[in-house]
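Chemist: Structure incoming, see below.
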Amino acid sequence: MNIAFIGNPNTGKTALINAIAKSDLEVGNWPGVTVEKKEAHFKYENQEINLIDLPGIYTLTPYSLEEKVTVDYLLDNSIDGIINVLDATNLRRNLYLTLSLIDIQKPMVLALNMFDDFKKRGYEVDTKKLSDILGVKIVPTIASKKIGSQKVLESTVETITDNNLPKIQPLQHHIEKEIVFMEHKLQMIDNFNYSPRAFAIKLLEDDNFIKSLQLNESFKNVIEFTKEARKRIEAHTQLPIKTIISNSRYSLIDKILDEVLSKPLMDKVVLSEKIDRIILNKYLAFPIFILVMYMMFDFTFSLSMPLVDWMNNFFTDFIAKYITIVLYDSPEWVKGLVVDGVLNGVGLLLSFLPLLFFLYLFMAILEESGYMSRVSFLLDALAKKLGVKGNAFISMIIGFGCNVPAVYGTRVLTTKRERVITTLMIPFMSCSGRLPIYALFVAIFFKENQALTVLSIYLLGIIAAFLVGFIANKLLPKQQEKPFFLELATYHMPNINSIWILMKPKLIDFIFKAGKFIILASVILWVVISLPLNSTPQTSYLAKGAKTITPIFKPLGFGEHWELVAVLIPGTLAKEVVVGSLGTIYGIESQNKMTEEKADIKNDIRSQMILLKNALRESIFNVVKIKPAITSDEHVASKLQEVIKSQFSSKAAAYSYMIFILLYIPCISTMAAIQQEFGNAFMIFEIMFLPLFAYTVSFVFYQVMLLFA
């Protein structure tokens, strides 16, 4: 059974699917497009069940690429049934889509989600009467708590098995007469595989997406007939056809709700509204946003840095030691490849996990709580000046985690112009791969203001993005604007399961997607540092190439040492490799000299457990005491930190380097995503533009700082 999950955005579709399938969704692509296809497969009562999580829509009129995929899939006859997920707290708006779905005439079940919030507001609904009116089974659900999920599945399978179709909800007589006649016309077309009633209504609405479908000559004749039918309907009220049909549907919805919905005598001022009076206050909104971002970075650093230090120590002082002992009789190049190449890459990959875990945790809490949608609303006025809408900032916020899904996330935008402008801004959103670099540098140069320094880098990226977006908006040809809907979801107390569902795919993507680049880059870096044979890092091919271009960076404050420039090259593969590359080039990571140490694995494991316990204690202490993660004089700076500190003449030079890291090419995966979405020309432009822009900003910053020094 192919069962489509459909509803307005933020109704809890994905949470309900996960609750029903008891597993995470499999992510692929829809045929012919790059829009993600999310599915869950399982067996129920000896039947193969396939649940499809369709992108959220408000109507069957698509504007974005994702919405087009949803409408095309729904109108096609390949689905066996529909689960329509509604936000019970906003039935009037949600039922508009429900009436459109009824026109498709497929077995359907309604899941009234967020039913706990609905009850808290003092509402009552007669589900039996609503079920009788619509001809569908109705199940109240609380997806976040997995309440009602099994009942939804049972009802859907039963409905599909019995082929129970919903009751058609006729529109006004003069409209209905034309719809029925057009249905008959469509059914006479050979190989017509769409829902006739839904298709007829969309044709009446003069829907461009429906008209763009490649059908035969008979269909073109129907389009001509539709024009006459549309004129006859519009003659009744002198209103546009879309307004007429919309008004007719809402009149029907209001009539239904009058029969089934009991409202409280006085609407309660719900907690969400009280919070929004503060969060969206015109004077407090931006300071609160900055404070939230600061707290996110302070929280991330405070909890993660002791664990990052432990993970580094675990690989350099424990794992590398015993692998070197195992490879004692192996050729030097084998030991170098395994320890300084592969193991260094694996250690670097895993050492980032604590940092990313807490960053993704904080972002998931903000998203699950409902705050992220407020950020889009808050920035919508600014977005218009950049030629985009508030939902463009959702893609940009995703970019703080990773630029790759952020580029793909632009599919929800309604015009190509908006997608292009947003994609131009995304690379300046400082992804999680750049965070370990900042962590290293602020620990060396800005110990007393770590979170504030990192926040300033992130804000600089946002300012750079806005500048580029503003210029692009002025230069690119204007396009006709399309409707924009932004829903402020009700605030929710995040639960552990929902947070983990949001975090898990991001962590897995980092390990298996970014991880392969990190390990590959580490091996490649070891090779180019080791060639020619018997060379040192200072006489390697990488050194020779880097030394050639290093003088170019002198005006930026870091053109005296080729090592700092050399790591920018593997950094284009993935920013995560920059820290490890510095260690490899400076020779800090090499463990080949450990072979003379006596192996005492029992004692070494005990030492590592003590260090881990201390790291966990320090993480908790950092948060409780509300102090930066690395400020104590008791911390002894690592060898790598000591070397890096000696390479910069001032804090301004170090900050200039961080600016360049922020603004130049994010990673090869982001460039590949841009190529896939927009073509080669756009990708080549970005590869040329971003380093030039980064150079310019770093140059201006450092030269200005020299004037004030």
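Glycine is treated like the rest: Cβ placed from N, Cα and C.
Feature annotation from TrEMBL assigns domain 'FeoB-type G' to 1-162. The annotation GTP binding site is assigned in TrEMBL to 7-14, 32-36, 53-56, 113-116. According to TrEMBL, the feature Mg(2+) binding site maps to Asn18, Ala19. Annotation source TrEMBL lists transmembrane segment at 283-304, 342-366, 386-408, 420-446, 452-472, 515-534, 654-675, 681-708.
Give me the lay of the land around each of these features.
Modeler: Within its own chain, Met114 (GTP binding site) has Thr11, Gly12, Asp87, Ala88, Thr89, Ile142, Ala143, Thr490 as residues 6 or more apart in sequence whose C-beta sits under 8 angstroms from its own.
Taking Cβ pairs closer than 8 Å, the transmembrane segment (283-304) reaches residues 354-355, 357-359, 362-363, 366, 371, 375, 378, 435, 439, 450-452, 454-455, 458-459, 619, 622-623, 627-629 in its own chain, all 6 or more past its ends.
Here the transmembrane segment (386-408) has Cβ contacts under 8 Å with residues 34, 36, 359-360, 363, 372-373, 375-377, 379-380, 414, 417-418, 421-423, 425-427, 429-433, 458, 465-466, 469-470, 472-473, 476, 484, 486, 506, 509-510, 513-514, 666-667, 669-670, 673-674, 677 of the same chain, all six or more residues outside its ends.
Residues 290, 293-294, 297, 301, 382, 385-388, 396, 400, 420-422, 424-426, 428-430, 435, 438-439, 442, 446, 655, 658-659, 662-663, 693, 697 of the same chain lie 6+ residues outside the transmembrane segment (452-472) yet bring a C-beta within less than 8 angstroms of a C-beta in it.
Counting residues 6+ beyond its ends, the transmembrane segment (515-534) has Cβ neighbours under 8 Å at 333, 336-337, 340-342, 344-346, 348-349, 540-543, 570, 573-574, 576-577, 580-581, 584-585, 667-669 in the same chain.
Here the transmembrane segment (681-708) has Cβ contacts under 8 Å with residues 420, 423-424, 427, 464, 468, 555-557, 650, 652-653, 655-657, 659-660, 662-666, 671-672, 674-675 of the same chain, all six or more residues outside its ends.
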Chemist: In the same chain, which residue numbers or ranges, 6 or more beyond the ends of the transmembrane segment (420-446), come under 8 angstroms Cβ to Cβ?
Modeler: 300-301, 305, 308, 351-352, 355-356, 359-360, 386-388, 392, 395-397, 399-403, 406-407, 410, 413, 453-454, 457-458, 461-462, 464-466, 468-469, 472-473, 476, 510, 514, 574-576, 578-579, 630, 637, 640-641, 644-645, 648, 651, 654-655, 657-658, 661-663, 665-667, 670, 674, 677-678, 682, 686, 690
Chemist: Could you pull the average pLDDT for the domain 'FeoB-type G' (1-162)?
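Modeler: Value for the domain 'FeoB-type G' (1-162), mean pLDDT as a whole number: 86.
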Chemist: These are the binding-site residues: Asn10, Asn18. Which one scores highest on other Cβ atoms within 10 Å?
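Modeler: When each Cβ's neighbours within 10 Å are tallied, Asn18 tops the list.
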Chemist: If you count other CB atoms within 10 A of each CB, which of Lys13, Ala19 wins among these binding-site residues?
Modeler: Lys13
Chemist: Give me the Cα-Cα distance between Ala19 (Mg(2+) binding site) and Gly7 (GTP binding site), rounded to a whole Å.
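Modeler: Each residue's Cα considered, Ala19 (Mg(2+) binding site) and Gly7 (GTP binding site) end up 17 Å apart.
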